[in-house]
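Undergrad: Dumping the structure here so I can ask a few things about it.
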Amino acid sequence: MIATLTLRERRIGLGLSVALAVLGLAMAAAARTGPMAVHGGMALILGLVLIFAIGGALYDHPEQGEDRLTRYYDAPTRFGIVMTLIWAVIGMGVGVWLAALMYWPEATPPWPATSFGRLRPVHTSGVIFGFGGNALIATSFWVLQRTSRARLADAVSPWVVLIGYNLFCLWAASGYLMGSTQSKEYAEPEWYADIWLTIVWVTYFVLYIRTLARRAEPHIYVANWYYMAFILVVALLHIVNNLALPVSWTGAESFPVWAGVQDAMIQWWYGHNAVAFFLTAGFLGMLYYFLPVRAQRPIWSYRLSILSFWGIVFFYMWAGSHHLHYTALPYWVQTLGMTFSVMLLVPSWASAGNAIATLNGAWHKVRDDATLRFMFVAAVFYGLSTFEGSFLAIRPVNSLSHYTDWTVGHVHSGTLGWVAMIVFGAIYTLVPRLSGRDTMAWPKAIEWHFWLAVAGTLVYVVALWNAGITQGLMWRAYDENGALSYSFIQSVEAMLPYYAARTLGGTLFLAGAVLCALNCRATMRTAGDRVDATDRPLAAQPAE
Amino acid sequence: MTTDPKALPGADPHTGNRDIDPVTGYDTTGHDWGGIRELNTPFPKVALIALVITVVYSIIAWILLPAWPLGRDYTRGLLGLDQNEMAMESLGRVETRRETWLAAFDDPDFDAIAADEALMARARPAAERLYQDNCAACHGTEGMGGPGFPVLSDDYWLWGGDPETIATTLQVGINATHPDTRWAQMPAFDWMERSDRHALAGYVSDLSGGRADHDGPAAVLFEENCVACHGERGRGGLMNGAPALTDDAVIYGQDEASVMDTLRNGRQGLMPYWSDRLSDAEINLLAVYVAGLGDDTTGGTP
């Protein structure tokens, strides 16, 4: 990492590390106790580690030559992939633990930090932001440079983004364990962590725009539209949903500025668009790059890409209120959410169809290459879960599915089947190239991982479909005398086999992810002589 | 270097397109991003048709249902639906079915109800759901209670096990926030010498086995401090919330360590009141059900 920086960049890095340490110290000193003090301590320690790492190596490495500017800068991507894998194991591991707790609630350890309510956001933030977010940032740097034929605009801000983002993830997860939350689903971290993430995110946006502005291609590739939409809209969602008034500047607690049903609407406008722009747009960017690269096929239809992109961007923004069917939210807002969710199906399927049609002429590769098969399965699950999403958004369907495990099954068909699969496909494409090799260290392990992941996803999703529909039907059943046919506890007892199956499915999926992490470690350890790739010119160089 | 695809070699000078893809037969758009190209495939008709279908569906929904905001109002939709009215209507339908038999519980003659087999056959499933959804969390799905929570399926009662008394307990709760709630305070005897507490705990725990020495100093302590609530020699039965100590049904346990804990800290067990959550008829129904829970057991005498 440090060897790839020039002396000037190292000095800037050292200055920023000092600033981080001072900020951490100030936070810890001001708060004195509680989560904010612990988080200040973490920032202080990280700042000090960086000061010693950069300061100790300030003059160790030969100065970078000007020729570096003709090459892509991939060191941040390598770091981001490592963080992706670490968070995958943490986030999915906690997920399996929680699944097991649903089956054996008696096994809850007697400490507050390990109660279900505190562990649950560690799982969701760990996989969405830790695993998914790092994967998005790491791949976006790789894709941006190659499709723009330009080196990242500078060498310091990618590190600010990655290290700052991972500090946010660490604050989030450790805060939950200490009971610190603002009780907004997928936006639990408190105000100071939110401000920190805003700074990191603006840095990311500026870096992306500056690099894109330097591109040597006349057109901006589809993947970059999606990555840009992801960065821009997530910033908007994050800021609006997290507007809050701290109780004091030296404590972790705060009050949201929104109240009542407006708060619920803002929260689910955020929540659903987090699915749209974090878990969909960014990963579609990933799909649009790695699928054609791996399949060696042109994108099937440029025109369809345009329809899907603008359709997804426009329709998703309206769909959030389908999370609040049959609530205090006015009926008309529910109708709008429902209808826009239904229209959303077409651009979603256009994306999935475009990806699958791109594989025409490369089906033999899908058969032989587990990496490409990951991406193919991702596109299929993307189609399936977007259909399911539009279907569940229809109000009468929602009256059966809402509050049941069907929702949880739907989310996991998207996150395991679509998001995680495309990330694994991208990782298996990237890691050998980041390591200066042709293949992963253990090619057979990719095949094992693929089948573990597919089996785990299917077992998990099918179990929770059954669980959710069973719950929905049991809850709404009345007998001829107007009495409920089942008590709530009976519906809980009916979940036992499905919760056991979901734990099994999650375990299979986790086993695949651990195998992937070990495979990547072995590959990176045996890296060849790697130099950053140089610009790849157009197929034919035009005469000046 | 030119950035105009139309000027690239092999490109169509009008469209910039080039390179026919051998698999699909389509030409490419002329762009190349690090090796990725795009086909110039025409817009698939099926996507357009699907888009039109979903848009038409949405427009129909907007015409029929409340949909678009108009300042302080909104479009009401031709069906004139209102979700509050719909919810109340659907609740009303269930309530009508229930009223046919639940009305009998409004002001009940409990003896007559218990004897009316036809009525109880209709009411029992509803009572069972009410019990499971409201009471089972503390008293157990089978009424078997738990540490600190009374067993309902035996014949030991703190306030009385007939339907009228149970109905009152449900209405006002125990140590609850209802103005007429039942009070049951086991005070802490932390002011007492530890050795005395120890002797008392030994005596009380012996009471249940009938092994207690009624002539010893502990018996005197018991006489002075405990009899008022727990009755002569701890026989209880005063139906004031204080248990008999001669049986083994004390909900906090009657081994010496548990009694020591009770004496040191006191006990103020809480049962919430239900008159703001359940209707009178539902409470009476539950009272009959709970009173019947112990009928098929052959426990000790109260």
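Each residue, glycine too, has its Cβ placed from N, Cα and C.
Sharing the feature lines straight out of TrEMBL:
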- A:16-544: domain 'Cytochrome oxidase subunit I profile' (DOMAIN)
- A:38-59: transmembrane segment (TRANSMEM)
- A:79-104: transmembrane segment (TRANSMEM)
- A:His123, A:His412: heme b 1; low-spin binding site (BINDING)
- A:124-144: transmembrane segment (TRANSMEM)
- A:156-179: transmembrane segment (TRANSMEM)
- A:191-213: transmembrane segment (TRANSMEM)
- A:225-249: transmembrane segment (TRANSMEM)
- A:269-290: transmembrane segment (TRANSMEM)
- A:His272, A:His322, A:His323: Cu cation binding site (BINDING)
- A:331-350: transmembrane segment (TRANSMEM)
- A:371-394: transmembrane segment (TRANSMEM)
- A:His410: heme b 2; high-spin binding site (BINDING)
- A:414-431: transmembrane segment (TRANSMEM)
- A:451-478: transmembrane segment (TRANSMEM)
- A:498-520: transmembrane segment (TRANSMEM)
Undergrad: Quick test of the contact rule: Cβ under 8 Å, at least six residues beyond the ends. What residues does that give for the transmembrane segment (A:225-249)?
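TA: The answer is 30, 136, 140, 143-144, 182, 184, 187, 191-192, 194, 197-198, 201-202, 204-205, 208, 212, 255-258, 266-267, 269-270, 273-274, 276-278, 281-282, 284-285, 288, 309, 313.
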Undergrad: Going by DSSP, is A:His323 (Cu cation binding site) part of a helix, a strand, or coil?
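TA: Going by the DSSP assignment, A:His323 (Cu cation binding site) falls within a helical segment, counted as helix.
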Undergrad: Which residues, in sequence order, are found in the same chain with Cβ within 8 Å of the centroid defined by the Cβ atoms of A:His272, A:His322, A:His323 at the Cu cation site, excluding those residues themselves?
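TA: Neighbours within 8 Å of the Cβ centroid, excluding A:His272, A:His322, A:His323: A:Trp268, A:Gly271, A:Ala319, A:Gly320, A:Ser321, A:Leu324, A:Gly337, A:Ser341, A:Ala393.
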Undergrad: Cα of A:His272 (Cu cation binding site) to Cα of the residue listed as 'heme b 2; high-spin binding site': how many Å, rounded?
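TA: That comes out at 13 Å between the alpha carbons.
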Undergrad: Determine, to the nearest whole angstrom, how far the Cα atom of A:His123 (heme b 1; low-spin binding site) is from the Cα atom of A:His322 (Cu cation binding site).
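TA: About 24 Å separates the two Cα atoms.
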Undergrad: Check the domain 'Cytochrome oxidase subunit I profile' (A:16-544) for me and report the mean pLDDT.
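TA: Taking every residue of the domain 'Cytochrome oxidase subunit I profile' (A:16-544) together, the mean pLDDT is 94.
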Undergrad: How big is the gap, in Å, between the Cα of A:His323 (Cu cation binding site) and that of the residue listed as 'heme b 2; high-spin binding site', rounded to a whole number?
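TA: With the alpha carbons as reference points, the distance is 13 Å.
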Undergrad: Mind checking which residues of the chain, 6+ beyond the ends of the transmembrane segment (A:269-290), have their Cβ under 8 Å from one of its Cβ atoms?
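TA: Cβ under 8 Å, 6 or more out: 128, 132-133, 135-136, 139-140, 143, 146-147, 184-187, 221-227, 229-230, 233-234, 237-238, 240-241, 299, 305, 308, 312-313, 316-317, 319-323, 351, 355, 375, 378-379, 382, 414-415, 418-419, 422-423, 425-426, 429-430.
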Undergrad: Where among A:38-59, A:191-213, A:331-350, A:451-478, A:498-520 do we find the most Cβ pairs under 8 Å to the transmembrane segment (A:156-179)?
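TA: Top-ranked stretch among A:38-59, A:191-213, A:331-350, A:451-478, A:498-520: A:191-213.
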Undergrad: Pop the Cα-Cα gap between A:His412 (heme b 1; low-spin binding site) and A:His322 (Cu cation binding site) into the table, whole Å please.
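TA: Just about 18 Å between their Cα atoms.
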Undergrad: Give me the long-range Cβ neighbours of A:His410 (heme b 2; high-spin binding site): same chain, 6+ apart, Cβ under 8 Å, in sequence order.
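TA: Looking at Cβ-Cβ distances below 8 Å from A:His410 (heme b 2; high-spin binding site), excluding near sequence neighbours, one finds A:Ser385, A:Glu388, A:Gly389, A:Leu392, A:Ser401.
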Undergrad: When only pairs 6 or more apart in sequence are counted, do the transmembrane segment (A:124-144) and the transmembrane segment (A:191-213) reach 3 or more Cβ pairs under 8 Å?
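TA: In this chain the transmembrane segment (A:124-144) contacts the transmembrane segment (A:191-213) - 3 or more Cβ pairs sit under 8 Å.
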Undergrad: 10 Å Cβ neighbour count around A:His272 (Cu cation binding site)?
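TA: Summing over all protein chains shown, A:His272 (Cu cation binding site) has 23 other Cβ atoms within 10 Å.
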Undergrad: Quick test of the contact rule: Cβ under 8 Å, at least six residues beyond the ends. What residues does that give for the transmembrane segment (A:498-520)?
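TA: Apart from its flanks, the transmembrane segment (A:498-520) reaches 81-82, 85-86, 88-89, 92-93, 95-96, 99-100, 102-103, 405, 416, 420, 424, 427-428, 431, 440-442, 445-446, 448-450, 452-453, 455-464, 466-467, 470.
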Undergrad: Return the residues near A:His412 (heme b 1; low-spin binding site), defined as same-chain residues 6+ apart in sequence whose C-beta is under 8 angstroms from its C-beta, sorted by sequence, else 'none'.
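TA: Non-local contacts for A:His412 (heme b 1; low-spin binding site): A:Thr457, A:Tyr460, A:Val461, A:Leu464.
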